[in-house]
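In Swiss-Prot this protein carries:
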- THR14: active site (ACT_SITE)
- ALA168, CYS171, THR174: Na(+) binding site (BINDING)
Amino acid sequence: MAQTDDRLPQMHATTILMVRKGGRVVIGGDGQVSLGQTIVKGNARKVRRLAKGAVIGGFAGATADAFTLFERLEAKLEQYPGQLSRACVELTKDWRTDRYLRRLEAMMLVADKEVGLLLSGAGDVLEPETGVMAIGSGGNYALSAARALEDGELDAEAIVRRSMKIAAEICVYTNGNLVIETLDAA
């Protein structure tokens, strides 16, 4: 994700993929963090559990910004327990209107057993038409691969692993060090 200050190197850093299939929802993310043309870290953890394990989420963008947003989402999930959509809408409203938050540069994919959502600082709270959604510099590669695989025999986790492997082979800002979280879906 590009920084707003043109004097700083561009930050590119990830592929996050969500697949919902066969009673499971899986979010996977790679571990590469790049600053400009340099790989800074290869094993970052960009996918995690929230709300005592009831929600999984992954982020693309500036790491500190994403952690801030995860903390805010965690607070909203405590305020609206079991209501991921409501918590996300409330977070996004704050993200758009708060002077500090609106500067944050990140996107998030979050899911619980019922719904998966994409959140952005532009005010987006989007649910995918299909069971697949991706963000980040390699997101379109992973999304294309997952859509091609979703009608086959592979389960959700296998689709995530295969699609992320394909994205890592194409996108220079994505690597094969995966963190994957899974939930049983409704």
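Indices start at 1 and increase along the chain as displayed.
The backbone N, Cα and C atoms fix where each Cβ goes, glycine too.
Taking every protein chain shown into account, THR14, THR174 are the recorded positions, and of these the Cβ with the most other Cβ atoms within 10 Å belongs to THR14. Same-chain residues that are not part of ALA168, CYS171, THR174 yet have a Cβ within 8 Å of the Cβ center of the Na(+) site turn out to be THR15, ASP30, GLN32, SER137, GLY138, TYR141, ALA142, MET164, ALA167, GLU169, ILE170, VAL172, TYR173, ASN175, GLY176. Here the C-alpha separation of THR174 (Na(+) binding site) and THR14 (active site) works out to 5 Å. All protein chains shown were included, and the count of other CB atoms within 10 Å of the CB of CYS171 (Na(+) binding site) stands at 21. Listed in sequence order, THR15, ASP30, GLY138, THR174, ASN175, GLY176 are the same-chain residues at least 6 apart in sequence whose CB falls under 8 Å from the CB of ALA168 (Na(+) binding site). Between CYS171 (Na(+) binding site) and the residue listed as 'active site', the C-alpha separation comes to 9 Å.
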